[in-house]
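Visitor: Have a look at this one before I ask anything.
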Amino acid sequence: MEDDSLYLGGEWQFNHFSKLTSSRPDAAFAEIQRTSLPEKSPLSCETRVDLCDDLAPVARQLAPREKLPLSSRRPAAVGAGLQNMGNTCYVNASLQCLTYTPPLANYMLSREHSQTCHRHKGCMLCTMQAHITRALHNPGHVIQPSQALAAGFHRGKQEDAHEFLMFTVDAMKKACLPGHKQVDHHSKDTTLIHQIFGGYWRSQIKCLHCHGISDTFDPYLDIALDIQAAQSVQQALEQLVKPEELNGENAYHCGVCLQRAPASKTLTLHTSAKVLILVLKRFSDVTGNKIAKNVQYPECLDMQPYMSQTNTGPLVYVLYAVLVHAGWSCHNGHYFSYVKAQEGQWYKMDDAEVTASSITSVLSQQAYVLFYIQKSEWERHSESVSRGREPRALGAEDTDRRAKQGELKRDHPCLQAPELDEHLVERATQESTLDHWKFLQEQNKTKPEFNVRKVEGTLPPDVLVIHQSKYKCGMKNHHPEQQSSLLNLSSTTPTHQESMNTGTLASLRGRARRSKGKNKHSKRALLVCQ
């Protein structure tokens with residue numbers, strides 16, 4: 001059920017050689033390999049840091065950072081509950097976590113995208129803008145999510161919430177791209193979505209023979225944590241960045257001394273995301289059984305120890321949403337979430353039910369996905385809310401509301417299902433069906449293991465890599481409140497190619513997407529002179 005980190009765009013692996021070498025400016029990544037430098041080397045440590053920060057040339061900045069809303073437009077109080085349309089708790093739990101992501105919500109409420117969008121139909125950003133605006137501006141009510149949000153994904157059965165979450169994030173990311181123009185990989189990583197959720201890994205390999213160093217950079221949108229041997233999120237992060245020795249059969253082929261030699265490899269976060277999505281790998285690759293252990297996670301998380309540069313002071317993130325799975329395997333269960341409203345109060349969002357909660361209850365859950373935001377970002381948004389005009393606060397009757405699906409007032413305008421353009425659903429389904437999307441993840445997956453032995457590229461330039469589905473198993477209906485499916489939008493007849501893809505998918509899903517000890521494939525080198 002759990003999937004590994006997403007990588008949108010290519011990776012960059014920078015190679016520094018003492019002699020001039022030809023380069024490919026359109027490479028999906030670049031590699032830096034350098035020998036140990038003398039004390040007065042013209043390429044100082046500071047120079048190398050600046051070089052790494054640039055990573056790769058950007059042909060077009062799709063979403064300049066100044067375009068992000070600087071002030072909060074979110075209501076301070078909690079918004080609406082979401083109606084379960086039949087096995088859609090995974091959709092509702094994911095949508096609530098995105099709705100209460102401050103930078104994303106503020107951008108949606110600014111309506112900036114819809115004013116300039118040229119797609120009009122089939123745009124996930126426009127669809128999410130309508131949903132987030134409606135959810136936040138209708139506190140005390142229950143609304144029905146638009147079918148277009150799950151078009152091409154929902155098939156009438158329980159699906160993986162994290163998988164749907166990243167499916168939605170990817171669709172929003174695609175909506176940021178100009179559909180009529182070719183965009184290079186580096187520019188794709190400048191979109192609004194990548195600015196909010198994205199950062200870069202750095203994998204550094206040091207040859208123990210000549211002391212040459214190779215740095216590889218790879219974009220991420222979420223971070224998957226192995227919790228089998230970890231009792232806390234901090235321990236899982238420590239294991240992730242723990243140095244690894246490469247020797248024997250796994251010895252490193254050094255590009256500096258041109259021989260196989262023992263080496264050390266370290267994976268760290270080179271740049272930090274505004275919003276951090278941590279996925280706890282709770283489900284077995286083979287059986288799908290759940291690792292139902294308690295893994296501690298803090299309200300405030302310092303990510304500085306896991307960064308490439310650890311001497312720049314604390315990098316504190318605060319928890320604002322938790323996605324929870326209740327059940328014993330990926331075959332069954334129920335999803336719900338906890339979110340922190342702008343006012344600072346925590347709420348449990350369980351489909352139509354919205355109830356006040358406490359931080360003690362939030363931190364005691366067997367979390368599946370954790371959402372953190374940089375403390376400075378949260379404080380900036382909170383301060384702007386306190387200075388601005390706030391909507392009415394929820395009364396006690398609203399806070400304690402437990403609206404059941406069978407008790408919905410169908411005549412309330414907020415509860416009416418929006419008019420759904422059939423062409424919108426049809427187009428969204430055609431553009432990205434679940435099976436086709438999963439197949440692309442398997443065929444074009446990238447890993448943070450960085451196989452430095454290969455530098456040739458194999459990914460087509462028009463393929464967008466995000467993440468794979470590990471499990472074929474769908475979650476059966478075990479939630480008593482779930483109705484029969486109303487969102488089965490995948491009944492369209494697949495093409496011959498899609499049928500072939502679906503058949504191939506079964507043999508691919510069981511493979512782990514990331515394994516720290518394995519090597520990375522499909523690289524193209526951008527060689528830079530010292």
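Easy rule for this one: first residue shown is 1, then count along the chain.
In case you wondered, yes, glycine gets a Cβ from its N, Cα and C as well.
For reference, Swiss-Prot lists these features for the protein:
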ACT_SITE  C89  active site, nucleophile
ACT_SITE  H334  active site, proton acceptor
COMPBIAS  382-392  compositional bias 'Basic and acidic residues'
COMPBIAS  398-413  compositional bias 'Basic and acidic residues'
COMPBIAS  510-524  compositional bias 'Basic residues'
DOMAIN    80-375  domain 'USP'
REGION    382-414  region 'Disordered'
REGION    509-530  region 'Disordered'
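Could you tell me the structural context for the features on the list?
Guide: Every protein chain shown contributes to the tally, and the Cβ of C89 (active site, nucleophile) ends up with 26 other Cβ atoms within 10 Å.
In the three-state DSSP classification, H334 (active site, proton acceptor) falls within a strand.
A mean pLDDT of 92 is what the model gives for the domain 'USP' (80-375).
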Visitor: Let me check the 10 A CB neighbour count of H334 (active site, proton acceptor). How many other CB atoms are there?
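Guide: Result for H334 (active site, proton acceptor): 22 neighbouring Cβ atoms inside 10 Å.
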Visitor: Helix, strand or coil: which one is C89 (active site, nucleophile) in, per DSSP?
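Guide: SS state of C89 (active site, nucleophile) = helix.
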Visitor: Provide, as an integer number of angstrom, the distance between the C-alpha atoms of C89 (active site, nucleophile) and H334 (active site, proton acceptor).
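Guide: Here the two Cα atoms are 7 Å apart.
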